[in-house]
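Input: a single structure, listed below in structure tokens.
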Amino acid sequence: STNHKDIGSLYLWFSFIMFLTGGAMAMVIRAELFQPGLQLVEPNFFNQMTTVHGLIMVFGAVMPAFTGLANWLIPMMIGAPDMALPRMNNWSFWILPFAFTMLLSSVFMEGGGPNFGWTFYAPLSTTYSPDSTALFVFAIHIMGISSMMGAINVIVTIVNLRAPGMTWMKLPLFVWTWLITAFLLIAVMPVLAGAVTMVLTDKFFGTSFFDTAGGGDPVMFQHIFWFFGHPEV
């Protein structure tokens, strides 16, 4: 379906499933921390749980939930028949299950999944990371593409499909907040894509963006990551 309500519901259901998945990982984390000296899972698996839990809760639960609400509410609030780009809307949802399947499947790889924290600071995510880092990077790329397509859709819908008489100053506050959020998403998602691509090339292709030995700077990773991170929040 390309109907905005159907797609909004798909986003919300997907978000709920991811919420339960991330919640299960949180249960592993809390069980391990239940008592000093208690060893339920391997330290490396614990690190994977903290990393994937964070990524799933931020990119799999919170963001799709808000995007689902936007899909449901924005056309109704501005008197539009649907989102402006319904097929792109459909696409922006359906690539998400593949992204998170890839992220989750990385945990079953030899060497385990990403184990460097959800903020994936270099050099933890470059020099000391498992080979599944490649899957993690591609999953983030697909998620970012989805976010950007959703954001473009929101902007085009709000600018072009308002009902007659629905002036800018009559827009509901929810629509205004989403318009601003959409511009922020388009601004910062390519920055995250750049950061994870640099992580990928540092790990597999011999570049040294974040390696001081090659003239790079691990602090630069933090600058790039948080240039994405705060607008995202």
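Glycine is no exception: its Cβ is also placed from the backbone N, Cα and C atoms.
Annotations in TrEMBL come from automatic prediction, not curation.
Summarising the annotation, TrEMBL assigns domain 'Cytochrome oxidase subunit I profile' to 1-233. Residues or ranges marked as transmembrane segment by TrEMBL: 12-31, 51-73, 93-113, 133-161, 173-200.
The list of residues near the transmembrane segment (173-200) in space but at least 6 beyond its ends in sequence, with Cβ under 8 angstroms from a Cβ of it, reads 66, 70, 73-74, 77-78, 120, 122, 125-126, 133-134, 136-137, 140-141, 144, 147-148, 150-152, 154-155, 158, 207, 209-210, 221, 224-225, 227-228, 231-232.
Sequence-distant neighbours of the transmembrane segment (133-161) (same chain, 6+ residues past either end, Cβ-Cβ under 8 Å): 55, 59, 63, 67, 70-71, 74-75, 78, 80-81, 83-85, 88-89, 91-93, 95-96, 98-100, 102-103, 105-106, 109, 113-114, 120, 125, 171, 175, 178-179, 181-183, 185-186, 189-190, 192-193, 196-197, 199-200, 203-204. Panel annotation: around the transmembrane segment (51-73), residues 4-5, 7-12, 14-16, 18-19, 21-22, 25-26, 29, 83, 89, 92, 96, 100, 103-104, 107, 113-120, 136, 139-140, 143, 147, 150, 154, 174, 178, 181 of the same chain, lying at least six beyond its termini, place a Cβ under 8 Å from a Cβ of the stretch.
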